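Heads up: the structure comes next, in C-alpha cells.
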Amino acid sequence: MSQTTTATGVSPESPSLPVVPLGELLPWALLGGLLLMLALYFVGAEQGATAMFSGTGIHEFVHDGRHLLGFPCH
Amino acid sequence: MIGQLLWRGMLAGLIAGLLAFAMASTFGEPPLTRAIGFEASQADGHHHGEAHSHGATGEGHHHGDGAGISRATQSSWGLLTGVGVYSTALGGLFALVFALANGRLGRLSPRALSVLLAAGGFLALVAVPWVKYPPNPPGIGTAATIDLRTEVYFLLLAVSLSAMMLSVRLARPLRARLGPWNGVLAAGALYGLIAAFAWGLFPTVATIPAHFPAEVLWQFRLSSLGIQVIIWAVLGLVFGALVERARRRRQLTGRASATA
Ligand SMILES: [Zn+2]
C-alpha cells in the first residue's frame, strides 16, 4: 500500500479530484438527497401502495415508465 | 464543489434518460401494449382494483377511472417524464455518492471511479433485485397484492444497497489482510452471499396469470433490463467524462485543496 504511481497516473497524495470533506457533503446529502429521493418516489411509487396526493393522475401519467423501470405498479 | 458535481450528475442522468426513453419507446412499448391487450381481454367480469378499475371496454383505456389520461399520453409524454425524472434524479444521487467515495476508495481517476460506482449501483439496485422481483407489465399483478409487492421490492432494494455499501467498506481492510486480489474477491463474495440469502428469504409473489403470453413477458423484461443498462452505463461514462473535463479546465476546485 505504498506505491507512488499507478496505471492511472494518480498518486495517493494528489487525488485528481480534491476529497470533499464530510462536513461539506452532509447538508447537500440531506437536502439534495431528500429532494432527489422524492422525485424517484413520485415516479416509482406515488398513488400506488402509498399516496401523498389523492387521485390517480400522477400514477397514470408516469404509468408506462413505472412498469418499464421495474417498479411494482398494478 | 458539490454543487458542481451535483448538476453534472443530473446532466449525465438526463442524457442517460433521453437515450433510455428511446429504448423504452422503441422496445418497451410494444410488449407493454400487448400486455394491456391481454389484460383487457381478461378484465371482463372480474378483478377490478380501486386505483385501476379497468373498464369492460378495456381497449385504449388502461386505467379507466378519474384522471382520464390516454394511452397516447402515457406512452409518449408520460413515459418521457417518468424515465427522464427517474434518470435525472438518479444522476443527482449518483453525484452525491461519487462525492463521498472520491478519494476514500483508493487511487482512482474520476472516470474509473464513476464507472465502478455505476457498475456497483447497477448490480445492487437492478441486477440483484431483478432476479427475485423482475419487472412486470400490466396484466400480471393484482390490486390485492400491490401493497405486499411494493413493500418487499423496496425492502430488497434497501438490503441489497446496504450489503453493497458494506462490501465496499470492507474491501479495503480485506485487501490489506488478504492481498489486493483475494481481498476484493472476499468483499465480492460477501455481497454475493447476502444477495443469495435475500433471494431465499424474501417471499415469492407469484401473480402471473395462467395464459399470459410468455413471449410478451420475455420481451417486456428484456427491454426493461435494456433500459436500466443504458441508464447506468451512460450515467457512469458521461458523468466521469464531464468531471474529468471540468477538472482539466480547473473548474472543480475544493475549498480544502485548491492546489491539488
Ligand atoms: Zn400499471
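Any Cβ shown, glycine's included, is placed from N, Cα and C.
No curator has checked TrEMBL annotations; they are predicted automatically.
Summarising the annotation, TrEMBL assigns compositional bias 'Basic and acidic residues' to B:44-65.
Residues or ranges marked as region 'Disordered' by TrEMBL: B:44-67.
Per TrEMBL, transmembrane segment is recorded for B:77-101 (among others).
When Cβ-Cβ distances below 8 Å are used as the criterion, the transmembrane segment (B:113-132) is approached by residues 94, 97-98, 101-102, 105, 153, 156-157, 160-161, 163-164, 168, 191, 195, 198-199, 202, 204, 225, 228-229, 232-233, 235-237, 239-240, 243 of the same chain, each at least six residues removed from its ends. The transmembrane segment annotation in TrEMBL covers B:113-132 (among others).
Annotation comment: TrEMBL describes B:152-171 (among others) as transmembrane segment. Using a Cβ-Cβ cut-off under 8 Å and counting only residues 6 or more beyond its ends in the same chain, the transmembrane segment (B:152-171) has close neighbours at 101, 105, 120, 123-125, 128-129, 132-133, 183-184, 187-188, 190-191, 194-195, 198, 202-203, 205.
Per TrEMBL, transmembrane segment is recorded for B:183-202 (among others).
What TrEMBL records for B:222-243 (among others) is transmembrane segment. Cβ atoms under 8 Å from those of the transmembrane segment (B:222-243) belong to residues 5, 8-9, 11-13, 15-17, 19-20, 23-24, 27-28, 31, 83, 86-87, 90-91, 94-95, 98, 109-115, 117-119, 121-122, 126, 130, 134-135, 252 of the same chain, restricted to positions at least 6 beyond its ends.
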